[in-house]
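S.K.: The structure that follows is given in the form of structure tokens.
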Amino acid sequence: MGRYIVRRLLISIPLLLVISFLTFILINLSPHDPAELVLQAQEVPVITEELLVQTREELGLDQPFLVQYIEWAVACLRLDFGESYVTGKPVWSILGPAFFNTLKLTLVSVAVIVLLSIALGVICALREGRLVDKSVRGISFFLTSMPSYWLAALMIWYFSVKLDLLPTSGMDSLASYVLPVIVIAISYAGIYFRFVRSAMISNLNEDYVLYGRACGLPEKKITKHILKNSLQVSVSVFCMAIPIILGSTVVVENVFAWPGLGSLSVKSILSRDFPMIQAYVLVLAVAFVLFNTLSDIINAVINPKLRNDL
Amino acid sequence: MTMLRNIWKDKLAAISLSILAIVLTAGIFAPLFAPHDPNEVNMKLRYAASSWEYLLGNDHLGRCILSRLIYGIRPSVLWVLAALAGSVMLGTAVGFVAGFFRGKVDAALMRVCDVMLSFPGYVMTLAIVGIMGVGLENILAAFILTKWAWFARIIRTSVLQYAESEYVRFAKAAGAGSFHIIRRHIIPVTASDVAVVASSSFGSMILQISGFSFLGLGVQAPTAEWGMMLNEAREVMFSRPELMLAPGLTIIIVVSAINFLSDSLQAALDPKLRTSTSKAAEQTSAVSAKQLLGREVA
Amino acid sequence: MNILDVKNLKIWDGSTGRTIVPDSSFQLKQGTCLAIVGESGSGKSVTCRSIMRLNKGSICQSGDILFQGENLSLLSEQEMRRKRGKNLCMILQNGMRAFDPSCKLGVHLKETLDQHFSWSKQAFTDHMAKAMESVMLRSPVELMNKYPHQLSGGMLQRVMIALAIALEPDIIIADEPTTALDTISQFEVVEQFIRLREVMGCSMIFISHDLGVVRKIADDVLVMKDGEIVERGTTQAIFTEARHEYTRYLVSSKLALSQHFANVMGGIALADR
């Protein structure tokens, strides 16, 4: 088991290197000169050739490409992503808090999604084809087809404006979590609930269920076995939900003015704050890889069959 | 009873299909269908309620909402479809090459896919838009770049599965050339997998592109686009919430129709899978797990 | 004395209305083995599952199933559950899929035995270990701590037989227990079934399409085709004087096959010389 974990972790290292390299060259793919952007962002009135050369030197852009990359990568390990072109502050001092705000929102949402989809998935699978199953599936179908920002706007309009129950935006109290979490949960629970449901149903048709019944085991115990096996399949999927939602709260955060990564990334894109965009991409891609690794490891821990692979 | 249910099922699929057909035609021939110029500003008609001349009313600049919805089909649906086609073609080509030739080619291509897939789709799109600048074409380019790896992976899996099947082996043994085998034997059977996967990501792509436009990262004003229209409506959300209705419902209807078609496609292919061995079942569940990850919501 | 008496059993698919078994009646005598043979899809498995009342939701059944004079069709689900395992025990075709893959084997065995006996942990281990040793499974305690995928199909099949031994049922229903196995494991498993009958003296329904195995183990044979029983009789009679064309076809194709096999083997033997 320990060997599996070490090997799985080792595999993700080259991937992380490639990702960091790709993130680094992103900036060089840009049609714009970073030095010019910095000067523009600092609202320097007249941009002269001298100024540009000077800025390039400051940014280390005059050094060989590989040297630039290594210096950047080493700095990233210390969470030093450079300075924002726009504000001049260290990137992490802005990105860090935003990351944790988004992480909080994501974790709460994923918790709700997991509970909701397991509950609904189990109920629907056990009543497959009945009214409950059909109506839950039908409703979830329309909810997943709904643009989340539209749903968000609708919620704000109803709960915050008409009923004046919940805050419209910001992250001031626990109540601020309610609407964003509901919107994210509604958009995703439909997908994950279907996954749990189909895992349950395919397990229901397994031979071990028949054999368990033939041995006289009560339905409760059999359901427990089915649940255990279906959740095993679902755990890795739920685990991956964390980075996926972490990376796609952009729209919801903007609607609810949540001070997280989503709001920050859109602001940075519109103001061409390259170091910020770069750090954002890197942080989320690394989170994605780490969670992927984690989900594989969890999978191997709970599913003895997989341990022999790799 | 079962007959009834089947007809009803078919009926829903038929309705979805006709909705899509109407939307696509209306989008292609937008000038013929739209009653007005979508960008014609008429300040006298600001926030006008629906009338015979302006069926869905007018927006904050007095523009005809219906015409803007119809013109909005082009960026919201047609261009997304084009991007989808592009990424499916790219992914299919890579998947076929990897699955059919195996060995080093396969390993190399799959490593590239691994790297592509390790960037969450949303983040990748934002990164590309951030570097290349805002605009519809950059988002579409980002879609093609981020989605092809999914298709390549899934198609590789099904090609591997079919390439192992007896009749393909037989064709190989009988001396048929690789391209002949691919064209005659593998394309027809993998086409259904491609259709299911592609259709299931179509809906989420529409949601995403409207989401990016809603954030102001996609289509720029004054071009009519559904997400853009919602963005404009958001500014007057508290005073005139009804402006959110038409574009929002349009998106829901179109995306539901697409998702429904995708599901009935999958259901149509399901019985074949159900009767086959457990291995195939495992594989389908693996595919659906992957699809699930691919289906991000806007 | 009949331990099981099935009268006018009718089985149909409730969702499509298709009849699977139109009308079937048969008896199982105390202490004997009844083999049900027939091609796949002839309704053998469905018949057996309906004795246990274990068919999937959409499949319906009617008719009387008298077990030791008690009509199983009239029992409540709860009463029926008490009969399953304790009185009627089933052995499935595919051992690899018959156990929850995420649990150690011992977990399933203990759960089952706890359901029917109130044994202490020690008593459970003793009983189960004895049963497993009697079907030639060595180091049973170690096996009980393994996951199903760590054992071979033949071993899992024997674990099922061992569980049946520990449960001491009145009837064992074996649904194609040898089909999924290779020839050598098949031989071992059949040996265990024969021993099982000798040791326990219980009655058995043995479903198979392998006439060679049937000839070895069964006293009586039912031949099924398209849901109907086309022929019944003692094993001896079926193999020598089958009346129905289909049975003769089955027997002759079996004979032809073994003849062919013998020829091939003989050929090798000749070549070896």
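Using the three backbone atoms N, Cα and C, a Cβ is placed for every residue, glycine included.
In case it's useful when we look at the structure, here is the feature table from TrEMBL:
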TRANSMEM  A:9-29  transmembrane segment
DOMAIN    A:99-295  domain 'ABC transmembrane type-1'
TRANSMEM  A:105-126  transmembrane segment
TRANSMEM  A:138-159  transmembrane segment
TRANSMEM  A:174-193  transmembrane segment
TRANSMEM  A:233-257  transmembrane segment
TRANSMEM  A:277-302  transmembrane segment
S.K.: Between the transmembrane segment (A:233-257) and the stretches A:9-29, A:105-126, A:174-193, A:277-302, work out which stretch tops the count of Cβ pairs under 8 Å.
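M.R.: Per the Cβ under 8 Å count, A:277-302.
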S.K.: With a cut-off of 8 Å between Cβ atoms, can you find at least three pairs linking the transmembrane segment (A:174-193) to the transmembrane segment (A:9-29)? Only pairs 6 or more residues apart in sequence count.
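M.R.: Counting Cβ pairs under 8 Å (6 or more apart in sequence), the transmembrane segment (A:174-193) does not reach the transmembrane segment (A:9-29), since there are fewer than 3.
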S.K.: Report, as numbers and ranges, which residues of the same chain sit near the transmembrane segment (A:138-159): CB under 8 Å and 6 or more residues beyond its ends.
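M.R.: Same-chain residues near the transmembrane segment (A:138-159) but 6 or more away: 120, 165-166, 168-169, 179-180, 182-184, 186-187, 189-191, 193-194, 251-252, 254-256.
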S.K.: Are there residues at least 6 beyond the ends of the transmembrane segment (A:9-29) whose Cβ is under 8 Å from a Cβ of it, and what are they?
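M.R.: Cβ under 8 Å, 6 or more out: 65, 68-69, 72-73, 76, 274, 277-278, 281-282, 285-286, 289-290, 292-293, 310.
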